[in-house]
């Protein structure tokens, strides 16, 4: 009964954590939306005015006018107003873009497509992230525990087969690598090919850069003006990113631990061989390595 109560409490705490994390993200998205919408509208109008003035005075444009236009253009692009052939793309601070900004910030991916412009928005981003990033780490740890359950079952299966510890570690790493690569790295590019119009290599590159939280920002989903993105697609990408980051962190952790154990084993064997060479007899310092 005690174990059942602990298990129920653990599940309840996970649900509370999940709900709390989602509410925290939604709250942050609404606040950023409120803080940043007005300034971006001003930037959009400034860009349109500058573009109109340039077109009207193109023949007589001076170097100073051109420099001013380029400065406004650069600032506009930096804050999500991107000119294209038939107009301009406006990454407004609507709720969907605000939520995307919040999740990329708290996961430390930081694509950099849009960023707070107002002093209040920048200060809020600092304090919001100070609490939000640790909360995200705790949330991802909970997700990691869920991902580790199949791995634990696989380890028990290998132990029942009476495999050696080294073989079990190697099989665990391979199992975790193959399943994770298939679900989070190799399959998602097929979805990106359909929804974003990318090549498979571009989708693969984006998947790794995102899940490893490098986040260059050279490829970003949901920004193609010729595409009509559904909320279901964005929700799927959010789930993929959440579980994918947790898997990537676990994989790097497992890989580093296995490399560290291999390094220690090689070092111990080297020292044991040296000790045998100089003493001319069995080692008394490395009894666990004697065969």
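Using the three backbone atoms N, Cα and C, a Cβ is placed for every residue, glycine included.
The domain 'Potassium channel' annotation in TrEMBL covers 89-147 (among others). Taking the domain 'Potassium channel' (89-147) as a whole, pLDDT averages 88 in the prediction.
Annotation comment: TrEMBL describes 174-259 (among others) as domain 'Potassium channel'.
With a threshold of 8 Å between CB atoms, the same-chain residues lying at least 6 positions outside the transmembrane segment (12-32) that come near it are 93, 95, 98-99, 101-103, 106, 116, 121, 124-125, 128, 132, 135-136, 138-139, 142, 146. TrEMBL lists 12-32 (among others) with the feature transmembrane segment.
Taken from TrEMBL, the feature transmembrane segment applies to 126-148 (among others). Under 8 Å from some Cβ of the transmembrane segment (126-148) lie the Cβ atoms of residues 14, 17-18, 20-21, 24-25, 28, 31, 102, 105-108, 242-243, 245-247, 249-250, all in the same chain and six or more residues away from its ends.
Remote same-chain partners of the transmembrane segment (173-192), defined as residues 6 or more beyond its termini with a Cβ less than 8 Å from a stretch Cβ, comprise 150-151, 154, 198, 200-204, 206-208, 211, 221, 236, 240, 243-244, 247-248, 250-251, 254-255, 258. The transmembrane segment feature in TrEMBL is assigned to 173-192 (among others).
Residues or ranges marked as transmembrane segment in TrEMBL: 204-221 (among others). Sequence-distant contacts of the transmembrane segment (204-221) (same chain, six or more residues past either end, CB-CB distance under 8 Å): 104, 107-113, 184-186, 188-189, 192, 195-196, 198, 237, 241, 244-245, 247-248.
Here TrEMBL flags 233-255 (among others) as transmembrane segment.
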